[in-house]
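K.L.:
The structure is given below, and queries will be raised subsequently.
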Amino acid sequence: MSQILSSSEIIQAEDAVRVGVIMGSQSDWETMRHACDILDELGITHERRIVSAHRTPDRLADYARTARGRGLHVIIAGAGGAAHLPGMCAAWTSLPVLGVPVESHALKGQDSLLSIVQMPGGIPVGTLAIGKAGAKNAGLLAASILSLADAELAARLDAWRGTQTAAVADVPVE
Ligand code: RP5
């Protein structure tokens, strides 16, 4: 039997947090804010949390294990250095996990990239580029995933891409 929702329940459902953006440290925020900016631009409700695989392992386990039950659809996880956060998050949940390698001081994020991308078969992490571009694309990829079941979001995403295309000049300026 179909369930009839009240208008307040519909508003609540539309406002439900759909993406979790987690990062290993406050120092990752300058990178991860670019994922949140895209989610904001596309009207995707999300939450932001500092969750460290190393310093707060219990917080990570709680966060990832309860994510699907709380209604999240996608998790974007950014970390730098020995960047175990995306992989450990993916170990605790079967939601799509998008990993963003944060640019480290010592190795310019190559350590982060290799830590995130080389997952053994069986526990996938969709790994993006190092730094700002990766965070931005993680937001866009989360939008693409959500758009599979959300035609209005698909239209907003296509419009966003159209605006980007229209902003590319034909010739370079001096
Ligand atoms: C990682 O260690 C974090 O994701 C961060 O990129 C890196 C450095 O953290 P802080 O020492 O700046 O807190 O766990």
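Heads up, the Cβ atoms here are built off N, Cα and C, so glycines get one too.
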K.L.:
Please state which member of R49, R55, R59 TrEMBL lists alongside S25, D28 for binding substrate.
P.N.:
R55
K.L.:
Under 8 Å Cβ to Cβ from D28 (substrate binding site), same chain, six or more residues apart: give me those in sequence order, or none if nothing qualifies.
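P.N.:
Spatial neighbours, sequence-distant, of D28 (substrate binding site): G78, A79, G80, V102.
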K.L.:
With the substrate site defined by S25, D28, R55, which remaining residues of that chain have Cβ atoms positioned within 8 Å of the Cβ centroid?
P.N.:
M23, G24, Q26, S27, I50, S52, A79, G80
K.L.:
Looking only at DSSP and grouping its letters into three states, which state does D28 (substrate binding site) belong to?
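P.N.:
SS state of D28 (substrate binding site) = helix.
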K.L.:
Would you work out the biggest C-alpha to C-alpha distance among S25, D28, R55, the residues that bind substrate according to the record, and give it in angstrom as a whole number?
P.N.:
14
K.L.:
Just how many other Cβ atoms lie inside 10 Å of the Cβ on S25 (substrate binding site)?
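P.N.:
That number is 18.
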